Amino acid sequence: MADDAGAAGGPGGPGGPGMGNRGGFRGGFGSGIRGRGRGRGRGRGRGRGARGGKAEDKEWMPVTKLGRLVKDMKIKSLEEIYLFSLPIKESEIIDFFLGASLKDEVLKIMPVQKQTRAGQRTRFKAFVAIGDYNGHVGLGVKCSKEVATAIRGAIILAKLSIVPVRRGYWGNKIGKPHTVPCKVTGRCGSVLVRLIPAPRGTGIVSAPVPKKLLMMAGIDDCYTSARGCTATLGNFAKATFDAISKTYSYLTPDLWKETVFTKSPYQEFTDHLVKTHTRVSVQRTQAPAVATT
């Protein structure tokens, strides 16, 4: 009996610390597949070290121009990519800059069904939030036949959707920025989420779903207001993420200063991209010879 109790409540078991971090409110972090699996193996491999598996050991071979520039250290930070609005198509770019500080959390896993001629086809939809608690946050949604596949896909999509978060002050500009710079509103479906600056020390006054995203974004103090069907967790999370991503959409007076326009990395490192593209294409065309008898 002692072994069974240790397996069920240990760090790697289905009843480990992962459940304690997700709360137990209706439709929330703790009402996912863990309750339906009942220890039959669906909840395994959810720890930090279990995700990724052998894929993390392989060397990253970038397939996009942006990926080649990042791997060759031509782009020094993620902010350079955001400055020129370059689309990020490889999650390894995010891992390259933020890999050590990124934390992810499964917000919800819900079954969805599709009616076919053969009957109902059930798949699982995973909502995953990811952030470094210091100005970067992302949200990923993935649907798959298996829970583990859905979570892995949602983590990759969350990394690709990471946006910078602009922080500001409620009153005097003393200390580090701690709240949203202005009132921002995000919407998804019928859900409308409004973020309002708050004094230092207030904390995040919101429901559990926006609170988790705001904490991952690095916002310490914030008032929130929500309207619509907030019981729909997916729309609630997407509306909050939409509001957070709009913090850089407003040109406030402190950003009115003239800036010097510089070349895009694609223009600045054109010669380097031509060389690396030639080298990569040669490696791909030189296939190993196959012995025939």
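Glycine too: its Cβ is placed from the backbone N, Cα and C atoms.
The candidates are Lys76, Lys275; Swiss-Prot tags Lys275 with the feature SUMO2 cross-link. Looking up Thr149, Thr179, Thr202, Thr270 in Swiss-Prot, the residue bearing an annotation of phosphothreonine is Thr270. Note on Lys58, Lys114, Lys183: Swiss-Prot annotates ubiquitin cross-link at Lys58; no matching annotation appears for the rest, which is not proof of its absence. Comparing Ser249, Ser281 with the features listed in Swiss-Prot, the residue bearing the annotation phosphoserine is Ser281. Confidence over the domain 'S5 DRBM' (102-165), given as mean pLDDT on the 0 to 100 scale, stands at 97. Taking the Cα atom of each, Lys58 (ubiquitin cross-link) and Thr252 (phosphothreonine) are about 44 angstrom apart.
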